[in-house]
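A.B. asks: Quick one: structure below, then a few questions.
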Amino acid sequence: NVFFYNHTSVLFFQLAGLGFVIIGILVKFNVGQATNILPTDFSLAPILSIIIGAIVFITAFLGCCGAVKESTCMLTTYAIVLLTIFILQLAVGIYAFLQIRDKPTFNQAIHDNVEKTFNKMYQSTEANETMQVTQRFLHCCGVNSYQDYEDIKKQIPLSCCRNQHVQCPSLNNDPYNIGCAKQLQTTLEKYSQIIGGVAIGIAAAEIIGAIFGLCLASSIRNSYRRHLYA
């Protein structure tokens, strides 16, 4: 039974690790420009996802090899690495929770970053692309509203338009009303809860996987001793 559950947990971690890598790559390459508008702690998330996913996948492969070859060294290493990843995830999770829990500071940091990018929009190509992608992806406009463009006497860009094939404002094609600072805050709060729930589930699975790995290693060690003294 321990052998079966260990293999099941290894397969789960391989899929989870692969999932982390794929999600990190998709976010980095598909909305990579949009992540530039985030504070440094959040913009590093796709890279961390790829790194953690790769480590989890390699660790699961190590556990699989250890179970097949009945190597107590590999299984013990597998369990220790899982426990280490669990501790790191716990530390990062607590840090992220404290950052988001301090809502005024969190919202101000988001607002400042969006405003900084917006102010550089017509001086920097990178800032312009970041703002355009953010507006298109989050369905928002400007820092606080589309009026930010009117304040600096600039035409509202197509990325702010509900119908992005027609310049706005025009008949039946008003720009998005909500500013990108507010929309980004709402989106991060929403998805942080989902990510937190998934992270808790994976952390619990890591503890169980580490226990099964140690139990299997102990079982193999005891079996070897019985054969040795038989």
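Using N, Cα and C of the backbone, Cβ positions are placed for all residues, glycine too.
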A.B. asks: Pick from Cys140, Cys141, Cys160, Cys215: which one does TrEMBL say forms the disulfide with Cys180?
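C.D. replies: Disulfide mapping in TrEMBL sends Cys180 to Cys140.
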A.B. asks: Near Cys141 (disulfide bond), which residues of its chain come within a Cβ-Cβ distance under 8 Å, counting only those 6 or more away in sequence?
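C.D. replies: Gln135, Asp148, Tyr149, Ile156, Cys160, Pro175, Tyr176, Asn177, Ile178, Gly179, Cys180 - these are the non-local Cβ neighbours of Cys141 (disulfide bond), listed in sequence order.
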A.B. asks: Given Cys140 (disulfide bond) and Cys161 (disulfide bond), what distance in Å do their CA atoms have, once rounded to a whole number?
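C.D. replies: About 9 Å separate the Cα atoms of these two residues.
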A.B. asks: Give me the non-local Cβ neighbours of Cys161 (disulfide bond): same chain, 6+ apart in sequence, Cβ-Cβ under 8 Å, ordered along the sequence.
C.D. replies: Gln167, Cys168, Asn173, Pro175, Tyr176
A.B. asks: Taking the Cβ of Cys140 (disulfide bond) as the centre, how many other Cβ atoms fall within a 10 Å radius?
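C.D. replies: Its Cβ shell of radius 10 Å holds 27 other Cβ atoms.
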